[in-house]
Amino acid sequence: MAGIKHRRDSAESINTDIITLSRFILDQQHLSAKNATGEFSMLLNSLQFAFKFISQTIRRAELVNLIGLAGASNSTGDQQKKLDVLGDEIFINAMKASGNVKVLVSEEQEDLIVFRNSPGKYAVCCDPIDGSSNLDAGVSVGTIVSLFKIHENQNGNSGEEDSEGTINDVARCGREMVAACYTMYGASTHLVLTTGAGVNGFTLDNNLGEFILTYPELRLPEQKSIYSINEGNTCYWEPTIADFIAKLKENSEENNGKPYSARYIGSMVADVHRTLLYGGLFSYPGDKKNPNGKLRLLYEAFPMAFLVEQAGGKAVNDRGERILDLVPQHIHDKSSIWLGSSGDVDKYLKHIGKL
C-alpha cells in the first residue's frame, strides 16, 4: 500500500493539464475574436514552427560547422554569421509557406519582401537571430518579431482589394502592431508573446516538441535597482546620459540608499528577458557614433516596447518620446531606447526634464 500511495503522490505532483502555445492561441481566439477567420492563429503557429527550427539549428551549430562568419554583411552593415543567413532562410520560407503573410521585413534583407501570390493579410518584421555575434561564446541569442495587419482597401468597396504589399504596410506607428514576440535560445528556449492583451511566456519542451505556458500574465515590478547598458560606450555618450548613469551608481536617498546593480549581457533578447522577469532599466542610448541610436525600430525597438508596455512598463527614446508613437520612414530606421519598470523609466524622464 505504501508503494501505491508513493506512486499516487508522485503522479499528483506532475501537472498533466498543460497549456501549449497552440491551445493558448485557440483559447484566446475563442474568447476575444469569436468571428475570427483563424488566419492570425495560423500565422502564430507558423511562427512557432520557425522558432523550433531555429532553436534546433542553434543547438547543433557547432557540431555541423555553422559557427563563424559567412563572409558578407547584412542590410545595416553588420558582419553576417553563417547562422544569420540560415536563420533568415528558415524564417522567409516559414512565412511564405504559411500563406498568411503578404509582407516580410528582415534585418538580413536590404529590401522589403513581398509575397505577390499570397492572400495573406499580415506584415511580419523580424530579426531572425539577434545577438549572433555572441554565438561563438555560447551566450543566449534570440529572434524578435513584430506583426502588423496590412492596409485594407480604404473605400470599403467590395470590388477593391487590400494592399498588394508596400512599405506603407510597415512604415507606421508602433501602436498599430497587432502582436509582438521574441524567442530566446539559451539553456532553455523561451517564447514571450503579446497580442495586445497582456504578456505570456512559454518554454519549449524538447521531448513534446511544444511550447508550454510557464510564465502566465507577466508583470514588471514597479521599480528595481538594476540597470543594463553597455558602459564601454561611456566616452561616446552625451553628458546628460553619462550623468544619469553615474547617479544610478550612487548610494543616495533617491536610490533608496544603495547603488543600482549593473547587469549587461550584450544580447538584447537576453537583457530584455531578464528585465521583464526581474524589473529594472535596459538602455541603448544614442551616442557620438550613432546619434539616432542603434536599435532598429521595426524589429527591435517596436516589439520590445510593446511587450514591456503590455507588462506594465514603459519604453521611450533619448528625448523621452514614447517608442510606440514613433513612425519609421525606412524599414531599417533606428532609435535609441530606455525601457523597463515604469518607476525606473520615470527616473530617466525626470532627469531630462520630461516628467
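Think of each number as a place in line: the chain as shown, counted from 1.
Cβ coordinates are placed from backbone N, Cα and C, and glycine is handled just like the others.
Lys149 is the residue from Lys52, Lys96, Lys149 that Swiss-Prot records in the AMP site together with Ile25, Leu26, Asp27, Gln28, Gln29, His30, Thr37, Gly38, Glu39, Phe40, Ser41, Lys121, Tyr122.
According to Swiss-Prot, Asp127, Ile129 bind Mg(2+) 2; the candidate from Glu107, Glu152, Glu164 that the record adds to this site is Glu107. For the Mg(2+) 3 site that Swiss-Prot gives as Asp127, Asp130, the extra residue drawn from Glu253, Glu254, Glu300 is Glu300.
Nearest Cα neighbour of Ser133 (substrate binding site) among the listed binding-site residues (Gln29, Thr37, Ser41, Tyr122, Glu300): Glu300. Counting only same-chain residues at least 6 apart in sequence, those with a Cβ under 8 Å from the Cβ of Ser267 (substrate binding site) are Asp130, Gly131, Asn134, Val139, Ser140, Val141, Gly142.
Of all the Cβ atoms in the protein chains shown, 31 others lie within 10 Å of the Cβ of Asp127 (Mg(2+) 2 binding site). Highlighted in sequence order, Glu107, Cys126, Gly131, Gly142, Thr143, Ile144, Met268, Val269, Leu295, Arg296, Tyr299 have their Cβ within 8 Å of the centre of the Cβ atoms of Asp127, Asp130, Glu300, the residues recorded for Mg(2+) 3, and are not part of that set. Proximity to Glu107 (Mg(2+) 1 binding site), defined by a C-alpha to C-alpha distance within 10 angstroms, is shown by the following binding-site residues from Asp27, Thr37, Ser41, Asp127, Ile129, Tyr264: Asp127, Ile129.
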